[in-house]
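J.: I am attaching a structure below and will ask some questions about it afterwards.
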Amino acid sequence: MVALSAKSLLSHAQYLLLAFFFLVDLYLIPSPPFPIRLLVAPLIPLACYTPYVKRFFVPFLPILTWLLTFYACKFVPISIRPPYIFVSLLPTLERILYGANLSELLSRSPNAVLDVLAWLPYGVIHFCLPFVFSASLFWFAPPGTLPVFGRAFGYMNLAGVLTQMAFPTAPPCEFCNSIDYVYFP
């Protein structure tokens, strides 16, 4: 039996964490039916061992985990979710950090053109750019750059999804002066 070094053990432990999230997501997501999901599930380890595919797929695993977990969030049973969505927390943090509620200031003068211009970076570019950037790192960056980016980007976003699930907050535009939280049945 070959003894693994501490660095190697830590490197392999991340895949146990990702496998845990994959299994939970596999259980939570209702469609396609469970037998079909069980047939598709072996494709992930297969992609990790296919010679040329694994160069892109293994660094993509944390990002795939984040995307699947983000999608699976809506299927978490209500009995497990936190019962309250804190509505006043983000506007309060805006006032503390910036000295004013920026959402209120920006919503005083609505403009359709500005709304579309705000949507493009957040709704389109924000989602597409990491995939384009990953492909450019794959082709043009020095070896080893893509795995670092994939891990950092995937784990950062996975931590954001888990934080939002554990401590749900409403966006600042949903702020109501009369209540501190919303009961989420």
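Quick reminder: no glycine exception, Cβ is built from N, Cα and C everywhere.
Note that the coordinates shown come from a computational prediction; the quantities given were computed from them, not determined experimentally.
Among the features that TrEMBL reports, transmembrane segment is placed at 12-29, 35-53, 60-80, 119-141. For 104-175, the entry in TrEMBL reads domain 'Inositolphosphotransferase Aur1/Ipt1'.
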J.: Output the single range from 12-29, 60-80, 119-141 maximising the number of Cβ pairs under 8 Å to the transmembrane segment (35-53).
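T.: Of the candidates 12-29, 60-80, 119-141, 12-29 scores highest.
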J.: For a three-state summary based on DSSP, what are the helix, strand and coil counts in the domain 'Inositolphosphotransferase Aur1/Ipt1' (104-175)?
T.: 58 helix, 1 strand, 13 coil
